[in-house]
Amino acid sequence: MSSKIRPSADDKKLQRVLYFFLERVRAAKDVSGQLLSPLIDNASVDTASVSPSSNGRPTTLKSIQSKIDEFQYHDFSEFVSDLAYLFINVKALYEGTQTYSFVQALEEFCIQQLRTFQQQGYIPVITWPNTDSPSATTSSPISRNPEYSVSPPNGSKFVKNEDEAYDSDLYVEEEDSDVKGRSMVGRDGRYKSEDLKRRKLQPSSKPLSSLEARAKVIMRQVRRYRDGSGRQLFAPFERLPDPRMFPEYYQAIEQPMALEVIQKKLSKHRYETIEQFVDDFNLMFDNAKSFNDPSSQVYRDADFLKNYLADVLRLEAGKLDSEFFNYETDSRASPQLPKNDIQPAVSIDGTLLNVGDWVLIRNPADSSKPIVSQIYRIWKSDDDINYVTVCWYLRPEQTVHRADAVFYENEVFKTSLYRDHPVSEIVGRCFVMYITRYIRGRPKGIRSTPVFVCESRYNDDTKQFSKIKSWKACMPQEVSGSEYEMILFDRPITLTKVASPLLHLLASKSQGLPSPATTDSNTHMLPSQGSLLPPSSISETKSFSTKASTPLSTDDIATPLSSAPNPPSVMPTYARKTSSHSERSSHSSYHNSSHVPTAAFNSPIMRTSTKSTSPIPARPFYAQSGSLQSLNTTQHSHQISGGHSGRMNVPYAKLSYTSHNGRHGGSNGNISGAKTPMTNYTINSMPSLPVFPPAFIVPGTHQKLDESSPVPGIDDVTVINTETAKMLDKDEHQNVLWYTVPPLDPIPLENRNGSLTHSVEYVLYKKSKGSQVITEKARSNELSREAKFENLVASLSDALIPP
């Protein structure tokens, strides 16, 4: 890959897998502990002369390492091909020598690692080329069959954690393979930079039919299933094997099928019923079972996923088509209205509305807040009524956000909610600008048309906000490249943010329950009022995300600063003996089980959002061979359920620890950890709140653990030693005083305004110490002078005495 081309996300993931594989090859050793990789890494001759067809291929592991560093591999099969040809040349070089057996052993190790990577889901199904065959040295480079090439060569996904990777089935629809071949690959087989930019994942701006929405829900649930160890079972079924490297598969299977083929057929609307979609899934699993040995892991996974698919279908069969847009799909158009006559424009109040125009749709829930929308399609129904398919843009008060969130004035958020409205529901025009243009000017000729600013998307499923990176990707295809004239400001304006418009919904103790309200079937599923969530703490991220399945309490709702409780005063509390733990725990339980303020949760928005964000129906749990798990209903007393907030106050209590030999039921692949298949998820099935041992016991607040015989020095009022209690402050009733904070007024220093001096004792000590030092120094000097004088006398006497 050219250094000027920025590697894609798939190329980076592939590079990590290749590095991991290459490290295992370099670490391979023989029985004596000697590394085997130098045999193929330090070839002493040009191995390209041995195999003429290997011109341009790496001749050492170092050259393969260089190709990995430069992102020249777009598919794992290319790496396998180069590594296989490297072994062909090295074996030809050492043929007839003792080294040949070591090279062959290293090749077998690579084949074994290839199978391990496939079983772990890192790579698709790839076979090692037959390097012993003479035709192996003359075969062409590996490439996919155009009939099944639904993705470019670098489109392979190496799914170790499918949740981290994106779900391509919920985004851009796939193009024809021949179109991709022309647009994505040049003559040299490398990708152009502009094509790589176009491959960047962007949400689809096309509304989905009810069949597509239902199919994608089923596809996602089956695809994301994981066993107890976290392994993704669906990884081998993502793509078809390479026909050049695995021709026997296509000889044995008459109708090859994989997820890539199903996705292509679904995006091209080849399925007329959901049964046809399910038949292809069953065909894919049946092919895997017929081709693989019954004892293989792929066979067991295919059999399990087929049964799991049947249970998912039973769970989804009872749902209406209108339910699927709420939590699994990004868009929806009304399927019950046939769109027979597609029109380029429609006239309303003497003006023409075209695709891409911004309009305000009547909002039956709040007529003062019409729905900001953009037209994606104009059509006429069978009863000769003009309709428009629009994409909704929600206002801040129509979203679920934290109480400390701030927004721009006139800000709206793009959603993936698509609706069909009669033209008669359009109440006027509007205009939405991206923030980079909004601060620079206004569109020309809009007059009094309201203008809104947009910077982020809003996910109605996860209640998350995310910044928009490409405004053109948010536009309909008909107007994605068009521009409009602007009247620029003298200088860019500075936008200010305002507080949440829902702060007035914060409940008070005197506020009663609001009366329920009904809305129109085609109105805002999130109408005039949004919902407030707890403000983010310092340790939390800046995201507005929240899980609707997390229960909220009155302690979690944000409180304005003016009404926040005052800090505790420095008042003593008495260390009195409490009656029993049950009274304290019941009081705490009553406090923690307070109901959520009804103004935030009983509004129409919360009734709808609670339904739409409820957890997906529980996936059935299966006990697979080799990974059986005991479904024990016993819960450890110290286990915390993931649905409870970590900020809850847990009352003190005595603990009786009991050993449990059973394991908890559930699987990582099972959403709710159901005890039996088809068990629905319910809040009541959650374990009770845990009780922890206290880090320390405040004296006087607990009973003695042993009531049989009092311990000497311990009275019935406190649990501290009486000798220690005598040293503590007490009131007139001889009750020990316990302060909540340290004292504010320490003992003042004497002579605060005077100069600080040493004490008399210290001064006398320094004087005596100094005089002692002086005396010792004088004595040392006197001895030194005497020694010098004696030396001088001795030298003079020696000089005067004749020899």
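Here the Cβ of each residue, glycine as well, is placed from N, Cα and C on the backbone.
Look at Swiss-Prot and you will find 128-154 (among others) tagged as compositional bias 'Polar residues'.
Per Swiss-Prot, the feature compositional bias 'Basic and acidic residues' maps to 178-197.
For 512-525 (among others), the entry in Swiss-Prot reads compositional bias 'Polar residues'.
Feature annotation from Swiss-Prot assigns compositional bias 'Low complexity' to 526-539.
Positions annotated as compositional bias 'Polar residues' by Swiss-Prot: 540-553 (among others).
Residues or ranges marked as compositional bias 'Polar residues' by Swiss-Prot: 605-615 (among others).
The domain 'Bromo 1' feature in Swiss-Prot is assigned to 9-117; the stated evidence is sequence analysis.
Look at Swiss-Prot and you will find 206-316 tagged as domain 'Bromo 2', backed by sequence analysis.
According to Swiss-Prot, the feature domain 'BAH' maps to 351-469, an assignment based on sequence analysis. Counted with DSSP, the domain 'BAH' (351-469) comes out as 10 helix, 69 strand, 40 coil.
According to Swiss-Prot, the phosphoserine annotation covers Ser168 (among others), on the basis of experimental evidence.
The phosphoserine annotation in Swiss-Prot covers Ser331 (among others) and rests on experimental evidence.
Marked as phosphoserine by Swiss-Prot: Ser334 (among others).
According to Swiss-Prot, the region 'Disordered' annotation covers 128-160 (among others).
Positions annotated as region 'Disordered' by Swiss-Prot: 174-206 (among others).
If you look up Swiss-Prot, you'll see 512-616 (among others) marked as region 'Disordered'.
This prediction places the mean pLDDT of the domain 'BAH' (351-469) at 92. Each residue in the domain 'Bromo 2' (206-316) gets a DSSP state, and the totals come to 70 helix, 2 strand, 39 coil.
Counting residues per DSSP class in helix, strand and coil order gives 74 helix, 2 strand, 33 coil for the domain 'Bromo 1' (9-117).
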